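Taken from TrEMBL as is:
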type	residues	note
DOMAIN	1-124	domain 'Plant heme peroxidase family profile'
BINDING	G4, D6, S8, E20	Ca(2+) binding site
BINDING	P95	substrate binding site
Amino acid sequence: MIKGCDASILLDNTATIVSEKEAFGNNNSARGYDVVDNIKKEVENACPGVVSCADILTIAAEESVRLSGGPLWNVSLGRRDSLIANRTLANEVLPSPRETFDRLEKLFRDQNLDTTDLVALSGT
């Protein structure tokens, strides 16, 4: 909903980046950063500079759905990691865990997604 599947949520605050990790929709909601960091470290040891964090997140999402008994799908690889984050945009368009259904519906509709997408992506 921000700029695509570029793993920008993984970027930490720096002198030039204000992280999306603490955006309203992510703060106290998104977690597991240490797991991704550990996976990335192991992947980098095996094949440095080849696999992006964005691809790791995509593979992890597919695998978690598969392991929980959900459907399988082919995961295309080749995403590039973002070099920037946009907390302002994240605060505007990312749904908070406390959103009303009407607000969630609007946020998803604004992204050309429907109620089925909302339910599937909400994970509940």
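Easy rule for this one: first residue shown is 1, then count along the chain.
Glycine is treated like the rest: Cβ placed from N, Cα and C.
No curator has checked TrEMBL annotations; they are predicted automatically.
Sequence features, as recorded in TrEMBL, placed on the structure.
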residue	record	Cβ neighbours (10 Å)
D6	Ca(2+) binding site	20
S8	Ca(2+) binding site	24
E20	Ca(2+) binding site	26
P95	substrate binding site	20
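Between the alpha carbons (Cα) of E20 (Ca(2+) binding site) and P95 (substrate binding site) lies a span of roughly 13 Å. Looking at D6 (Ca(2+) binding site) and P95 (substrate binding site), their Cα atoms lie 18 Å from each other. If you measure from the Cα atom of the residue listed as 'substrate binding site' to that of S8 (Ca(2+) binding site), you get 16 Å.
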